[in-house]
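Record features, source Swiss-Prot:
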COILED    403-440  coiled coil
COMPBIAS  20-31  compositional bias 'Low complexity'
COMPBIAS  48-58  compositional bias 'Basic and acidic residues'
COMPBIAS  59-68  compositional bias 'Acidic residues'
COMPBIAS  454-463  compositional bias 'Basic and acidic residues'
COMPBIAS  480-500  compositional bias 'Polar residues'
DOMAIN    89-209  domain 'PX'
REGION    1-83  region 'Disordered'
REGION    434-516  region 'Disordered'
Amino acid sequence: MWNDEDNNPYGTSFDRRDSQSSSINPTSPSTREYQRFEPPQTPTSDSDNEHNHGVIHDDSDDDDEDLTQDAGPKRKPGGYDSRIEQILYENPKLSILITDAGKSIESGGRYIVYTIKTGDLEVRRRYSEFASLRDALTRLHPTLIVPPIPEKHTMADYAANPTNAKQDQQIIDLRKRMLAVFLNRCRRMEEIRTDGVWWRFFDPNASWSEVLHSHPVASIPKSILKAPPLNPANPTPAHNYLPIPAASAKLKTVAGTNHDNSSGHIQAGPHAFGRFPPEGHNLGEQELDPYFISYESSIKDLEQLLTGPMEKVNRRTLSHLSSLAADLCELGSVYNAFAVSEQAPSLGPAIERIGQAADLSYIATEELSGSLGASFAEPMREHAQFAGVVRSVLKYRVLKRVQQDLTTEELSKKRALLDQLEQSEAEARRIENYLSSSQQISPPPKRSTSLREPPSHQRRDGSQEDTESIDSDFPGTHGDFSSHTPSASQGLPERSTSVPSHKKMPSGNSITNKIFGPIRHAVQGVVDVDPERTRRDLIGKTRESIGQLEQAQVVSEKDVKEASASVLKDMKRFQKDKEDDLRRYMLAYAQSQIEWAKKSKQQWEEARAEVEKIDES
């Protein structure tokens, strides 16, 4: 059986490799020169693997190392921020290894940690930290097809093993292999390899929590659509004005492109016509849409194939091989017991040799089951996850296109509204000018007011004379006798008694005010008391919105072009890697079958030779 970390089906060779032989150690801490990584051949048993955990050298490696030291490693201009950055920058082809997976000693064994070895540095990370790394890379590079990580525990896992689901050794070994594949896939992507967040994940002196809560991860907007696609951590002020489309938004169907959208089933191959737009052609976004739609359709078909028939066949095959191995193990023990009970000098050894062949076939079948699972079944499940990643990247590009259309539509609406408001304002000014000119021609008469004034004075004088005559008939008996003529205010006692009744009126209307006050306020809010001022304020706000949308339109157009170019570039890279991977998987499948058949054939040929020695007499 291979070591867990050796079950990496994505290496550059199908031969088994030692988990530690690919690590590099500096020749001296002062020079910081590194040996060129050259994966050696790995023995076929675990016991042999345990003796090869050091750095393996051969003559060719020494010669290449001398050449490397003469030329010197590629150094970064401006220096390095940390040791791990230097290792990753100067050794871009260095494999990242996960050497161990087990319970954390620091946490008292509450969770599983994975030991990552990069050169001569080691760091321990949890599965949740791997998930946060991938999430950060996805947000920092929304146009890149970031490799997936193994899935979390499903409800079926907890139902089957409710107490020890997280400590299931098979799941831990699977994650150990696939997380190493994830790290090495990311390492081969230049945009990620040069990202500071990426190499800080391998820095034992860096706090991963602080990395996630600092720039650039913390500077990414809550909605990735309000950020530039190539630099989401540094959005411009104009990005704040971009509208956010719904997650289910789709592109508008343009007449004349339907025939392109339905050309999904295209020939396979890196140079197949129609998979990608031709080189050297400057196509518009609407002309690029059919290529993206066709690629998404082909990826969806591949996902259905991998998660449907292929997954079922792989599960049945591995199950049958495991059952066959168990039967061969039992058969070997039966033959061995039978050989002990047989007293014939030639028959006993032959039966024993049959039992040994069955035992060795059991071991070979177990190895076949493990190698097929690691080199074929697991990669197929990973590619099914890749299909979902590709769809999400293409969906991001679609949402950027929809965002551009929404910005253009909103800008057109605001401009139409501004034209309407300006026309209304011009009409209102025309009417106002007409009314003001009419008032200057015919001023209103003022004679009627002057005619009404004398009667009021006469009434006031007459009322005063009547009051004085009444007071003379009824002289006062109290007060100051020196004053025989009381004032007019003293002759009106009834009016003073009517004041309290008037003071009670507001208290009687307070209930009405409480009931109808909010209604009156709402009606006044609906019925504009100053339509001219409201119209002018609305014109100002509309002009401001138009200015913001014009800025948003410029950045949206730029974002769509950058997103389409970056997505298309990474799609080509992914397509090439996918075809290389599928070719490697098929060869690995055939190689595993060949090795199993050779071992089985050799054991049973030796058993047949022993059986032919049986004395027939």
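Placed from the backbone N, Cα and C atoms, the Cβ positions cover glycine too.
The DSSP breakdown of the domain 'PX' (89-209) into helical (H, G, I), extended (E, B) and coil residues amounts to 52 helix, 20 strand, 49 coil. Note on the coiled coil (403-440): mean pLDDT across this stretch is 91. Residues 225, 242-245, 252, 532, 535-536, 538-539, 542-543, 545-546, 549-550, 552-553, 556-557, 559-560 of the same chain lie 6 or more positions beyond the ends of the coiled coil (403-440) yet place their CB under 8 Å from a CB of it.
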